[in-house]
Amino acid sequence: MSIINISHAEVTTFILVGMPGLEYAHIWISIPISSMYLIALLGNCTILFIIKTEPSLHEPMYYFLSILTLSDMGLSFSSLPTMLRIFLFKASEISANACFAQQFFIHGFTALESSVLLIMSFDRFLAIHNPLRYSSILTTLRVAQIGIVCFFKSFLLVLPFPFTLRMLKYCEKRQLSHSYCLHQDVMKLACSDNQIDVIYGFFGALCLMVDFMLIAVSYILILKTVLGIASQKEQLKALNTCVSHICAVIIFYLPIINLAIVHRFVQHVSPLFNVLMANILLLVPPLMNPIVYCVKTRQIRVKVVAKLCQKQIY
């Protein structure tokens, strides 16, 4: 099969890997992956439904949670088709344009989730530091404006990726090292100069790390504010409102940081480990965030239980 059109330097297909060394078990691996996607879809849809139907949850914190939920679902749907094709049907080929489009959406929703987690940390700081003016500062209109800015900022950040990748020439190598397309994975296959992609890819990763650092700064300010509260009971109550968000931050950033450390400092790591970490990055946050917020956020937990009990009565 021709991999490249010499006159136009046009890539036709890439090959995605499933689980290196576990190809014989792909059909069995598809079962937990499909289950995780279904649970994630059910959990995120439940969160959106509860927030939409309960007027008491029409507050900035829950509006931002809705945006986080939508970014989780976008992240899942961006990677779901190719992963299921590989594990269920052993269809590992993906066209170049589909690959470029997929990595755009994956990186776009990843950047969006990072931005939303940052905004949610500032939301928690504002709620604890200045509770009396919280509602007047974060009005519904302002929340909508922040959401729109986050959306455009995230996708404009990764918009050059598919175009710069499309300009590269790809010669003989076409096997990617993950179950879906990533910018850094595709650009390594190029046989032409990819310096622009390397620099801009580093810039995109740096933006995620800046978000993480600003989240850390937000929690330093939150801790400083909480320590200024006289009552220990009030201190615990204030910190308890941050537990769900802290868990979401850890779930999202920990795989990213681990993967970056492995790529940078660990030599001769198993390809299976890299694939597992990359899959965890896309599978775990959409699965765990609804569970964390249902368990740790009393308002959501009470409403979910009330809805379930109401259905049982009817």
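Placed from the backbone N, Cα and C atoms, the Cβ positions cover glycine too.
Among the features that TrEMBL reports, transmembrane segment is placed at 27-50 (among others). Same-chain residues lying 6+ beyond the ends of the transmembrane segment (27-50) with a Cβ under 8 Å from its Cβ atoms: 18-19, 57, 65-66, 69-70, 72-73, 76, 80, 83-84, 87-88, 279, 283, 286-287, 289-291, 293-294, 300, 303-304, 307.
Taken from TrEMBL, the feature domain 'G-protein coupled receptors family 1 profile' applies to 43-293. Mean pLDDT for the domain 'G-protein coupled receptors family 1 profile' (43-293) in the predicted structure: 87.
If you look up TrEMBL, you'll see 62-84 (among others) marked as transmembrane segment.
The transmembrane segment annotation in TrEMBL covers 104-122 (among others). Here the transmembrane segment (104-122) has Cβ contacts under 8 Å with residues 61, 64-65, 67-68, 71-72, 74-75, 78-79, 146, 150-151, 153-155, 157-159, 161-162, 180-183, 204, 207-208, 211-212, 214-215, 218-219, 222, 245, 248-249, 252, 281-282, 285 of the same chain, all six or more residues outside its ends.
According to TrEMBL, the transmembrane segment annotation covers 143-163 (among others). Distant neighbours of the transmembrane segment (143-163): 60, 63-64, 67, 100-101, 103-104, 107-109, 111-112, 114-116, 119, 183, 197, 200-201, 204, 207; these residues of the same chain sit at least 6 beyond its ends, with a Cβ under 8 Å from one of its Cβ atoms.
Annotation source TrEMBL lists transmembrane segment at 198-222 (among others). Sequence-distant neighbours of the transmembrane segment (198-222) (same chain, 6+ residues past either end, Cβ-Cβ under 8 Å): 107, 110-111, 114-115, 117-118, 121-122, 124-125, 128-129, 157-158, 160-161, 164, 183-184, 187, 238, 242, 246, 249, 253, 256, 260.
Summarising the annotation, TrEMBL assigns transmembrane segment to 243-266 (among others). Outside the transmembrane segment (243-266), and at least 6 residues removed from its termini, the chain residues within Cβ reach (under 8 Å) are 68, 113-114, 117, 120-121, 124, 205, 208, 212, 215, 219, 273-274, 277-278, 280-281, 284-285, 288-289, 292-293, 296-297.
According to TrEMBL, the transmembrane segment annotation covers 272-295 (among others).
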